[in-house]
Amino acid sequence: MDNMAMGSMVMGDGVPSLFSLQQMYWAVVGTAIGCAAVVNVYEKALCRQRLSAASGSLSTPAKPKGLLPRSCATAAAVVREVAYVSPPPIAVGSVVLRPPPLGRTILVLSNLVTLTVLCFYKLDPRDEWQYEDIAYRAGFIAICQLPLLFLLSAKTSVIGFLTGSSYERLNWLHRWAARCLFFTVIVHMGYWFTSWGKFDYILVKLKTDPMSKTGLGAGVVLLWIVISSLSPIRGWNYEVFVIQHLLSFTAFITMVYLHVPREVRVWVWIPVGLYFFDRFVRLSVVLYNNLSIFHPRQRRAGKCNGLWACKAEFTPLPHDTTRVTIADPPISWEAGQHVFLSCHSIVPLQSHPFTISSLPEDGKMEFLIKAKRGGTDRFFRYAKGSHGLPVARTSSSSSSQASRKSIAIEGPYGRIRPLQQFDTVILLAGSTGASFTMPLMRDIVGRWSGGGRTQRSGVLRLFGRSQGVVTRKVRFVWVVKGRSQVDYFACEIEKVIADVKELRGNRQDGTEVDISVYVTCDESFTGEQSSDSPGISSVFSQEHGKVEDLGLTGSDDEKKMPPPQSNDVRVKVQENTKEVAGVKPVNCCCTNVLEDENAIVPACNCETCSIPTPTPPKDHDPEKPASSPPRSTTTITTTPSSSSTTASVQGGQNGSPPPRAIRILSGRPECRNLIQRELELARGESAVVVCGPSSLVDAVKDAVVSLSDERAVHKGSGAQGVRSRTCIHATNSSPSSPRFVMLS
């Protein structure tokens, strides 16, 4: 059968040849990629136009004007509203199944329908005499899908480059494309077995025909690949999954090569070539990033000693978290990107992706790694052993004495639509998910300070480099278990507050940053503590009353606070914890959902952690939108220290309102109300970015879908659109390495 020219075989009048059907499939795939590429080009052009308008001092650069921009915004709003919808989770015993969003479902079903049509076009699946024709056709359609699988899985993907998506945002499509491939393989095998079964010929064929043996073997291996790629199995042990996945892929490709006719083996060589090309590019990137010979400037400056360019310090933090710091890294990156990090002296032969929590201007590459299992746990145990007791932030002297390990980095990877083109940016994070959102906030504030910084990446930009910042306000929400976690980014938050204060003092451009921290579980409800980080230090007492701020809101009608008499400001958060049976509560997890940050709510304690009914402020009018709500009482405790934080509570020059600083609240955020307040004040398209546990991601996605429908951009309400970008802090998919998987 190897010598048969099956691809050119005609199966009847008007029936396309097998080669023609393969070309038809790739015409459909190419059209879909082309449409996505056109959208990517349009978004780049729109971004450039908005940034140019902002640099020209246009009041509302993020608001579409004109028939064509409004029509495009309307179409985008309709598509996003449909694509973001997620069916409710399905509970099967102790397992919770989360159906994919509607947009993903439509895309996968479209591919499945295309494959089904190509397999059965002008053939009768009930005609026994056409069983073999259907089997042949399904086999040819199946093998032509192999290049698509590898294009979607590669780190250096052509599809990703054309569509503006990074590999992690295409990975889900890679898995579903494999499942669609398995569907066509089932059709191929099923019709052959049915045809042979009429003559009781199945076992004879499998015993005597080498092509049938290799075909069955390839089908079994593909079945294993599909099953082992399911989330529960993939998350059981990620290192084992990666190794067996590579071995299974090798076995599958080998059996397919032996099974198919020679005329279609080109479909096998294409994915093999794509795989080795991707590996070659990745190896080149690794060598360039980590060998000091490629960075002579750093060598002359004394930043790279020896052959290896990167050395890292491991610092233990509270809540089983490790801070990994690479001083003077030889590469640059963008906010929100990640690298694959490996330290073979601690975790041999493993490499895992971690989001970079710092910016290039910091002069260091920093990661926050939550200890789970495997490599991340080894990192934390090594950090504890080399530093002793955990600390929140090491001093310069202790850092210099810390043992440094040679480390390898691959990347950076990840693409995100520039956030500085949106009027309002809402950033929500859970736990170490702030390592993704914190650089994004700092990047926007840095662009404010620099008057619109240019892109730092050396990658060729389609429309060159543009300046200007559209964003007026950044809303940053961080949900943590303990207040000690705030110290992870204490210095960064303090610098953001100081920078915004300086901006508002120098020019009245209306820029604003609003930061809230929600504490859900705190292990220290008694005593009075303060962190080592200046300016953001917190004082806790056993009384409950209210949550105090480091500043005031930016509303004009609010009461101004007089400047403090000393140099440092401390946030004072008062909590109440009742003793149950004479035992003080420990590890209390607050389940209160705070619908209004400004409302005074009952204390959250371990005895009754029910959802409270918020008490509205005295001047609250239910008929008015919650855009400028009155503030609760604020108390400031001061101690002599640096003067940088004092500015954050003083009003701006010429009577301008002071920038809001940081609030620490006990409970969980009501995502819908929080997002709605910011959207009501937006003057153009807004962006919502969330990174954290799946529960937080789902809540934000549902809120965005609901608000998109209510605001009705495409229904003539005049409200502005909202763009959502979500990522799951998916420790389940890789237990030893927290990963960020982009969903939209």
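Heads up, the Cβ atoms here are built off N, Cα and C, so glycines get one too.
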Problem set entry | Stated TrEMBL location of region 'Disordered', expressed as one of 527-548, 549-570 | 549-570
Seminar exercise, completed: When TrEMBL is consulted, the range among 214-233, 474-493 described as transmembrane segment turns out to be 214-233
Problem set entry | Arithmetic mean of per-residue pLDDT over the domain 'FAD-binding FR-type' (278-419) | 84
Exercise. Going along the chain, which residues at least six beyond the ends of the transmembrane segment (135-164) come within the CB cut-off of under 8 Å?
Worked result: 6-7, 9, 11, 18-19, 21-22, 25-26, 29, 33, 36-37, 39-40, 43-44, 115, 118-119, 123, 170-171, 173-174, 177-178, 180-181, 184-185, 187-192, 195, 256, 260, 264, 267-268, 270-271, 274-275, 277-278, 281-282, 413, 415, 417
For this session: Would you mind listing the long-range same-chain contacts of the transmembrane segment (24-42), meaning Cβ under 8 Å and 6+ residues beyond its ends?
Result: 16, 72, 110, 114-115, 118, 141, 144-145, 148, 159, 162-165, 462
